[in-house]
């Protein structure tokens, strides 16, 4: 096999079920997944690494995904502009606009439509054919 | 796809597994092509014996039974199914070209749930099956009998088909195994939070279970978690122990069946 150009995706999701599911699904799209299970570790990992995309659940412990999104958007350089796909079961019944105002690029409601998710990942990692 | 094909059918297509029993290859092929869609898993048997063999490993929603078959006819096959399983959780329909197969006895007296006369009209047939299945499921849920779930009720056919596009058989099993592990832990935590009336934590766990189970097509578990979530949000918290028992029952059914269901298709 020739060298594969992996895209680095940070997945912020506290459930290992969804983490592993996304790992398996996105591997097909040449994505290398890094997992973060709470809002603070999303920030820590994002700061240290070099990511092409973040998939962010909003219902996270320690710091919510919404808060983490706002903090990333507050970074005043290129790093603050990473694409973020927000996912949520929307436990608190917030209007979708709240998520977009926080700075996400796309929103997906759980249960996830996997085909649509892959479409979005392709769109934002520039691997669309 | 043209516009007409996208119009919603009169009845929503429910996740379902259908077993076609017919000794004639062309009839089986025809029914397959009429019934095939993303929500449906189809099984075919060319004889009564083969049908019985398949039923050892599958709990379908609907069995379409040809009557005139060599060796074992549709009546005999039906009787053997009912003998082996009391309270059988599938609808069994007779499909025959000969209305006088039944003489003066009605198909209902013989134990069939419905009779379809060949030639089968593709457009109506699919709709009728959907209608009967929906009605039957509603009745099943309304009655207080212990729920016996079919394979396709327990795990949505469509979700599994979608996941299979991305995951190998082994990976698919791993994903569901992960759900088993995580949810076993979550239910343990639920028990202690219920004991201490910690409603925020209870809600958060139910929400995670709901999201996970819905993502894996485990509709009964997802629906139940959602129902419990809504009740607690509305401060109906008197019956939490009962919720826990019901959730545990559904989860146990999932645990003892998912390996069988996913290993097959």
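Keep in mind that glycine also has a Cβ here, set from the backbone N, Cα and C atoms.
Per TrEMBL, these features apply:
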type    : residues  : note
DOMAIN  : B:17-133  : domain 'Response regulatory'
MOD_RES : B:66      : 4-aspartylphosphate
DOMAIN  : B:168-265 : domain 'HPt'
MOD_RES : B:207     : phosphohistidine
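For the domain 'HPt' (B:168-265), the model's average pLDDT works out to 91. All protein chains considered, the CB of the residue listed as '4-aspartylphosphate' has 26 other CB atoms within 10 Å. In this structure, the C-alpha atom of the residue listed as '4-aspartylphosphate' lies 46 angstrom from that of the residue listed as 'phosphohistidine'. Cβ neighbour count for the residue listed as 'phosphohistidine': 20 (other Cβ atoms within 10 Å of its Cβ, all protein chains included). Look at the residue listed as '4-aspartylphosphate': DSSP puts it in a strand. Secondary structure by DSSP for the domain 'Response regulatory' (B:17-133): 50 helix, 26 strand, 41 coil.
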